Every structure is written in C-alpha cells, then in structure tokens.
Amino acid sequence: MSVITAAPLLALLREDDHTVKSYALHSINEVVDQLWSEVSNDITDIEALYEDSKFEDRKLAALVVSKIYYNLGEYESAVRYALAAEEYFDINEKSRYVETIVSQSIEMYIKLATENYGKEKSEIDLQLVSIFERMLNKCITAGEYKLALGIALESYRLDVVTNILTQQTSEPNMLKLITYVLIAATTTVSNTHFKINILYALFDILIRLKAPDYFAVSKIIVNLNDSKLAARLFDKLVSEKNTEIAYQIAFDLVTSASQGLLNELVATLSTGEGNDRLVEILSGLPTCDFYNTFLHANKRIDRSLLNKSKSSMDGKFSLFHTAVSVSNAFMHAGTTDDTFVRANLQWLGKAQNWAKFTATASLGIIHQGNLTGGKKIMEPYLPGSRASSRYIKGGSLYGLGLIYAGYGKEIIGYLKDQIVENSSNATDDDVDVLLHGASLGIGLAGMSSNSTEIFEALKEVLYADSANSGAAAALGIGLTMLGSGDETVAENLYTYAQETSHGEITKGLAIALALLNYGREELADETIKKMLEHENDSMRYGAVYTIALAYAGTSSNEAVKKLLHVAVSDSNDDVRRASVTALGFVLIRDYTTVPRIVELLSESHNPHVRCGTAFALGVACAGRGLQAAIDVLEPLTNDPVDFVRQAAMIALSMILIQQTEKTNVKVRDVNEQLRNVIANKHQEGLAKFGACVAQGIINAGGRNVTIQLENSEMGTLNTKSVIGLAMFTQFWYWFPLAHFLSLSFTPTTTIGVRSHDLKIPKFSFHCHTKEGIFDYPPMFEEDIDKSIEKVATAVLSTTAKAKARAKKSKKDKAVEPDKSKEEIKVENEQRDKKEHDADVPEEEFKIKYTSTYYKVENMTRVVPQQLKYIAFPKDERFTPVRKFKGSNGVIVLSDKTPDEPVEVIKTVRQEKETDAPLPAPFKVQDDLEF
C-alpha cells in the first residue's frame, strides 16, 4: 500500500529515541520524491538532525535534505548536502536526482577550480573533488576518453589530462586524443597560463613517442612561440634523417611563426652541421622567391581599369592621386611589375607632399617579398640619392619596410642607422618626414622580433615629440614588440601618451598598446580597463583595438559584450566606429555570426556606427564570399553619407576577393558599381576614393592573392594578415597606412617543391569538379557601341519620333539608317549573350565534387574554394610528404624517381642569377620633382 501522507513519519522525527528517528529517516528517504512538498515543511528539523554530531544517521539526514532541496529547485544547497551525505549518496544510482546532483557538482567544481587555478591553497570541498574524480574515473573505465579529457580541460586539471594520455596502450589512439586536446586547448581554453602548461605537457608527451606526429609538434611550437622547442624538434628530425618532414615544417613555420622565433631558431641551427638548407628555408628567402615567381608569371593585371580610374580622378587632387597610387600598388602587389609607374611618370609628377610619400612607398608593395633586390630597387629614392623631395626619401624608407615586412633581418641595420643619425633633428621638417617613413619601415621589417635595439632607437624619435615622426615611432614600437606584452614597454607607452600634447602621437601610442597586447586575451584585461576608463578619446579608441587584437579570433562573449556596450554608449564617434569594427576581429573564426550581430547596427542613425559595421563585416568575412555579409553591405553602398559608402565598397571587395562570377553572382555587379562610382563626376571624393581602393583590392596581386586570416595547417591566426587589416583600418586618419593591407595578401597557389633540391618541377595534380568554375573574371573592356552612343545623342528628338512612327506603321524590322550591319550584328550577339546568361539556372554554378577531374599545373592559381577538390594521385611521380588536406602554400614533394630528368620552373631569383644581371632601376626625372 502506497503512503499518501508523511505526517506519521514526520511525527516520529520528534521522538527522543535515535533508533525511532533513524527508522523515520529511512522511511522518509524512500518517499521523499513523492511527498517532498509535505516533508519540506519540516526541513529545519531534518537539518538539525544532520548538525547533531551525536546522531548516528546524520549523513542520511543530509541525503534527505539534499533531495528536498533538489525538488525545490535549490540545486546549490542540494549539492552541498549531497556531499555531506558521503557514502549514502550513490553516484551509480540510475535516477534523475543523482544525474542532476552529479551534473551540478561537476559545474560547481569546474567553477571553483577555474577560480582557484594558480593559487597555492585550494578552497574546494574534498567531497566535491571526490565526486568529480569518481565521475571522471567512471568515464575512463567506460572508455569515454574524449568526454573525460573535455571535462578535465574545463576544470584545468592538467594532471588528469596527462594521466589519461600516458596510460594509453596504443600510440595511434594516443595521437588521436592528443590531437583532440591540442584543438581544444588552442580554441576553447580561455586561461592563457593553463593553455601554456597544457601545450608544454603535450610537447613532452609527443616528442617521446616512437612515431610522433611531428606536424602536431610544430603546431604546439607556433602556439608557444618557443624557439628552443623548435630547435629540439629539428635536431630530432635531422638525427633521424627525416629531412623531408623537416623541410615541410620549416616552410610551415615561415608562414605562421613570429619573426622573433625564426631569428632565434636560425641562430641556433646555424651553429650545427648539416642544417644549411633548413637555415635557408627559415630565412624566408625561398618562400618569398616562390611567391614572387608565381605572382609574376601568372599576373592578370587589368591595366584598362587603372587607366580608366586615372583618367576619371584628377591627379592634381591629393585624395584622388593617393587612391590611384594605392589601387595600383594593390593590383600589382608582389608581382614585381612596375610598368604602370614607368608609363605614367608625368601623372606621378602631379603628386604633392604626402601623396608623393604614398606613391613612392607603393613601389614597396609592388616588389613585396623581393628580399634579394629590394634595396637596389628603392635605391634611387633613398636618402643620399639624387631625389630632392623629403617625401620621396621618407616614402622610400617606408616602401623598404613593405618589401621586407616580417623578413627584415637584412635591412633592419640600414633603417636603424637612418633613425639614429637623424633622431636628434626630429623637429626639422625635412627630417620629420624621413623619420616618419623610417619608423614605419623598421616597424614592418622588425615586426614581432621583440628587438630592444629597435625599441630604444624608436624611443628617441618618440621622445623628440614631433607629431608626424612621433606617431610613426609609436606604431613602429608596437609592430616590433607585437604580442610581447612587455611591461616596461607598455608602461613607457602609457605614461608618454598622457604627457604628450600631440593628438597624433597619443593615438599612435594607443594603437601601439593594442599591438603590444596582440593574442594575450585575459592578460590584457587590466590595460583594457585602464584605457576604457580614460577621459581621452584616443585612449578609449586604443582600448577597443586592444580588445580587438588581444581577443582576435577567440569569439569571447565578454569581449563582444564590452564592444557592443562601447558601440552604443561612448560619447565619441571615432570610438564607437572603432568598437563596431573591432567585433570583426574578435569573431574572425566565427565569421558567420557577424552579419546577424551587426545587422541592427547597420541601420543605426549614427553614420560612424554604420561605417564600423561595414568594416567589421569586411574584416571577419574577408576572402569568404559570405552571402549574408553581402546582403547587409549592399544597402550601405547607397548610404546617403559618403564615408559609409566608402567603407561598404572596400568591405565588399575584401569579401569578394578571389571570387569568380560563377562562384558568386555578385562579383559582376560589384565590379560594375565600382567602375560607375569612379567615373561619376557627381560622387563625393571619399566615395570615389573608396571605390578606387576597393577596385585595387578585388583585383589584388594580379588577381592572384586573397585575404587569408587563418593558417589552416597550424590552426592559428595568420598574424601578418590580422595586423595588416588592423593597421589598414587606420587609413581613416592617415592615408599612407592603407598600404598595410598588403600584409594580408596571401598568394592563391599550391607550389610543389622537390625535397632533395627545393626545385619546382613541372607536373600537374587533379581538380575534381567542373572545369571553368574558378576561371579569372573577364577583363574590363570599354563598351563596343560607345561610338554609336555618340551618334545617337546627336539625333534630334523630332527626327527620332518620326522614325519611331514610321517603324511602327510599317511593322517591320528594318535596319535604322544610322547603324551599320556590323553594329547590328554586335548588338544582337550581346543581347543573345545577356539573355542566355539570364536563362542559366543558379544550380549550374553550384560547386560539386565529381569523380572525373581536370588537371591543374603546379604553381598556378588555386583559389581557396577550389582547394578541397584538389587531389594528388598516389601512383604519380610526385606526392606530398604530408597528407594533402586542402591547404595552399609551399608543399614539399617526394620524388619516386629522382634520377629521371624533369623540367623545372625557374624562379625570379634564379633567372636573375643565371641569365642576366639585375636590371637598372628606373629613375623619375628631376624636373617632375618625384
């Protein structure tokens, strides 16, 4: 018979006899889930029994109290009493109560463990620890290793993680679990110190295995930025004669590791024997040479677009001249082709002052990566040459930095000498411009090198307190010390930002602090808080960029909340715009959510917020072709405010870079819109500037580069690309900084090189999809019927009406007398083509995997969307040393028949070394003063 009331049992609890009370508790425990509402009235009496140390069944009383609180929904109290029940609480019991308590216990433990991490004395209840560990053991016993590892990572229990991994009997299983932990550690673990400890532990486990996953080890090295670990890895690979994998990892490090790590690694390996080729690869010279060769050989530069822009935008106006200079630089980025500059010396001569500085620096983008001949190319414009203009001298030093960006070992000494020699005269106008270029140049060349020598040299320029050179010196320091978080440097920058009277320097220092805290996540919180609360607008502006860079790619909820709050509450428009822009950086890895988050902001009454929305979408979705982002941006291209239209057009070009008309139908419309804005005399200057720069971006690198923000093989952010974008967005204040976008350009190619000689063989691999989908968009052509339009406009309206009436009455299709047969034929062909294009269903352009394939030649254009359809047949002569998983860049190949002859592709450097001397660089005539 079921019990319908607990009253008799509750009455027994008031008896003096402990045996009777125990009986009552046992009975209540069996019915408490049904009668909890009645029993809860006497909860204080049951709690008193638990607190009575003389009562033998006090733990049972705790269990009953726990069940009452569970039914009341008071889970924290329920867990507390369940822990007090000790052995009476059976975690193996199959009930909703036990499942809930265990789940709540784990959550409580994780919360307490994360709060107490790093503290000497833990404040966690031992019973809570016991339940947590018993549940983990239960997972391990059941073979649920990933679940156990996930919980251990969330609770910062490194000991549990290492125990699970080291107790695996099978190395393949261990490697799978290590990969899981590595991905989780680099993407979800938010505590930097714990993340570092995990990665070091994983390195130690991996390096001791009989058959380690060396590529996983390289990922750990990049995340830790530790050259000593890298040296250990290469020593092991060389000692095992595993040179093919060593070369592949070296190429990977060149594109993903910091310059500081590479410099230290080269210095270490240079002392050993048999490391010459590794040292050469790690210098970055082969990679840059390969990319220059690809970009030069495959360039599809649409010069008619540039000429159209040049003729539509009067070079006498600095704004327009700068726009065409930047657009030209982007279109030719890395191709080493400066024919447009040579052919338009008279137009270049129109440049005045800082437009001349920008135009000279643009040569650095065109020759970017030319590490062997870069200085020789810029020589005619460098200080000490015949160039008379201070803007040419300063621009050439900036251009030198752009050529050697991230690989500046050979040029840093020269740039440092220029700074040291001139820093004492920083207040002189001529020297000020020169130091401005030199400071930006050395910052680029020494990016992330953490060089104290560069810092000390730039500090002298900064403290001279001259606006132009001081602001550039601040940025140079930030770039050099990128991501270091150096406390001494940070203190110097923050203190001087409050002392200087120059707004430009304050803003430069604020951005430098953001660069200093790149990737530091919660370690930057104190700096962010201090800057956000500052009364100076420039410091708050720097604060949101510090959030952007410190939390770049983390999708941190806290960071997003802070930015959204600033975006709607700050009193300064610049800060609000920057705050919305910063959302794009934080959400790089979660880019699909950005359109939804900023959609309402894109309709804000404040044009600066709308502008920030455009930049946020451009940053997060760069190179992705995301339709949702395009849908938000399209209305902004018709915004009534000119700078909003400017930002929208630039953002669209960043999103649609390397998209074809078949992979994204918007490409044609956007290109046409950009041309129309540039040609329209009634458009405001800022909108035309944006359209011209956007045209350069969408056609960048001879249509052979994209903006790639992640290193797919390493699972890390592409630091150069992220920093390039962050600095590019500063063009709002200073147009020369637009050149920084070139750091974000990644060549869209897969370059296979032979492992034994690093030469590029001519061979092909397979692409398993429909041929023609990824072809270059067609070149721009002037309308064929342009001349016909001129005739048509000359015809009187009365004549036209008479012809129309005559045509209607005859009801025939007679040819109009002012049009030839050839013209009619061309018009009909164009109309038929348009009708055919309109009839083509969208399904035809969907990219699908096919069992059939077409061949793609080595070192040719392979766009990001195409990579997943690329395959290297196993039975071919050349196969990758690492399993190909759809990544671009340099791939080391095994040659099955190395003794057989094969045709190889000569690189730009090899051509110059063997066939001809370096051509003499052209000089702009003195009478043009450029």
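Backbone N, Cα and C define each Cβ position, glycine as well.
Mapped onto DSSP helix, strand and coil, the repeat 'PC 1' (358-391) counts 19 helix, 0 strand, 15 coil. Marked as repeat 'PC 1' by Swiss-Prot: 358-391.
On the 0 to 100 pLDDT scale, the model's mean across the repeat 'PC 2' (395-428) is 92. Sequence annotations record features per position, and here Swiss-Prot assigns repeat 'PC 2' to 395-428.
Marked as repeat 'PC 3' by Swiss-Prot: 437-471.
Using DSSP to sort the residues of the repeat 'PC 4' (472-506) gives these counts of helix, strand and coil: 26 helix, 0 strand, 9 coil. What Swiss-Prot lists as repeat 'PC 4' is 472-506.
Annotated repeat 'PC 5' per Swiss-Prot: 508-541, in sequence order. Beyond the repeat 'PC 5' (508-541), the same-chain residues lying 6 or more positions past its ends with a Cβ under 8 Å from any Cβ of the stretch are 190-192, 470-475, 477-479, 481-486, 489-490, 493-494, 496-498, 500, 547-552, 554, 556, 562, 566, 570, 572, 574-575, 578, 717, 719, 722-723, 726-727, 730.
Helix, strand and coil residue tallies for the repeat 'PC 6' (542-577), in that order: 27 helix, 0 strand, 9 coil [DSSP]. According to Swiss-Prot, the repeat 'PC 6' annotation covers 542-577.
Taken through DSSP, the repeat 'PC 7' (578-610) splits into 24 helix, 0 strand, 9 coil. As annotated by Swiss-Prot, repeat 'PC 7' applies to 578-610.
Here Swiss-Prot flags 612-646 as repeat 'PC 8'. Distant neighbours of the repeat 'PC 8' (612-646): 567, 576-585, 587-588, 591-592, 594-596, 598-599, 601-602, 604, 652, 654-659, 663-664, 666, 673, 677, 683-687, 689-691, 706-709, 725, 729, 744, 864-865; these residues of the same chain sit at least 6 beyond its ends, with a Cβ under 8 Å from one of its Cβ atoms.
The repeat 'PC 9' annotation in Swiss-Prot covers 647-684.
Taking Cβ pairs closer than 8 Å, the repeat 'PC 10' (690-722) reaches residues 182-183, 186-187, 215, 218-219, 222-223, 252, 255-256, 258, 294-295, 298-302, 305, 309, 313, 320, 323-324, 326-335, 337, 405-406, 447-448, 482-483, 518-519, 549, 552-553, 585, 588-589, 622-623, 643, 645-650, 652-654, 656-658, 670-671, 673-675, 677-678, 683, 738, 741, 743-749, 776-777, 861, 863-864, 885-889 in its own chain, all 6 or more past its ends. As annotated by Swiss-Prot, repeat 'PC 10' applies to 690-722.
Residues or ranges marked as region 'Disordered' by Swiss-Prot: 806-840 (among others).
Look at Swiss-Prot and you will find 812-840 tagged as compositional bias 'Basic and acidic residues'.
What Swiss-Prot records for 911-930 (among others) is region 'Disordered'.
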Folded-back contacts onto the repeat 'PC 1' (358-391), same chain, C-beta under 8 angstroms, at least six residues removed: 284-285, 288-289, 291-292, 321-322, 325-326, 328-330, 332-338, 341, 348, 351, 397-405, 407, 410-411, 414, 418, 429-430, 433-434, 437, 735-736, 738-739, 742, 908-909, 912, 918, 921-924, 926, 929-930
Long-range Cβ neighbours of the repeat 'PC 3' (437-471) (under 8 Å; 6 or more residues past either end): 258-260, 263, 357, 361, 393-402, 404-408, 411-412, 415-416, 418-420, 422-424, 426-427, 431, 477-484, 486, 489, 492, 496, 500-502, 504-505, 507-508, 719-720, 723, 734, 736, 743
